[in-house]
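J.: Have a look at the structure that comes next, please.
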């Protein structure tokens, strides 16, 4: 058994957080958007280079029942997010929405500012979703990737949840970073996907 990892998938409403998770776990895509009204916790097992890891993937806001926050001002105190022991973060934005990118920018800053003293730094992967709408994007990929990687010191990747493009790569990169930080001598990891459908429970 390889151990366990806690992952939080965050971002503005409508950017495709749930769609990304469902493509990774179940290989399906909801054609009709349904807002995530309550946080959802998925518990899949994944195989990485022959070792099985139990994942805990949190989808949606962490403020409790109710609609997802539409701005950072609507979030509760970061110290109450129950995310301080999270091993890795996925911050999702819509490549056609500059507002969703600003949301991720502010969210990343809050996560950094409120990490408990002495706690290991949790890797953050910024993900630009809806790559299938490339012609409508608000900014060039190269410039955004450079800003995130060099300025924010976070990982950067773009995907299309609709067409399942780079979704597996997204989680492979995230888990690789999380495990390398906890196990510096760990060899290159190869994510082979979820072993079985995840259990989902509303919190």
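Quick reminder: no glycine exception, Cβ is built from N, Cα and C everywhere.
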J.: Using Swiss-Prot as the reference, determine which range in 13-22, 23-32, 33-42, 43-52 is annotated motif 'Effector region'.
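T.: It is 33-42 that Swiss-Prot describes as motif 'Effector region'.
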J.: Measuring CB to CB from residue 11 (GTP binding site), give everything in the same chain under 8 Å that is also at least six residues away in sequence.
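T.: Within the chain, residue 11 (GTP binding site) has Cβ neighbours under 8 Å at 17, 91, 92, 93, 100, 103, 104, 107.
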J.: In which DSSP state, out of helix, strand and coil, do we find residue 13 (GTP binding site)?
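T.: DSSP assigns residue 13 (GTP binding site) to coil.
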J.: In the structure shown, which of the binding-site residues 13, 15, 17, 129, 131 has the fewest Cβ neighbours within 10 Å?
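T.: Looking at the binding-site residues 13, 15, 17, 129, 131, the Cβ with the fewest others within 10 Å is that of 13.
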J.: Per DSSP, what is the helix/strand/coil residue tally across the motif 'Effector region' (33-42)?
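T.: Grouping H, G, I as helix and E, B as strand yields 0 helix, 3 strand, 7 coil.
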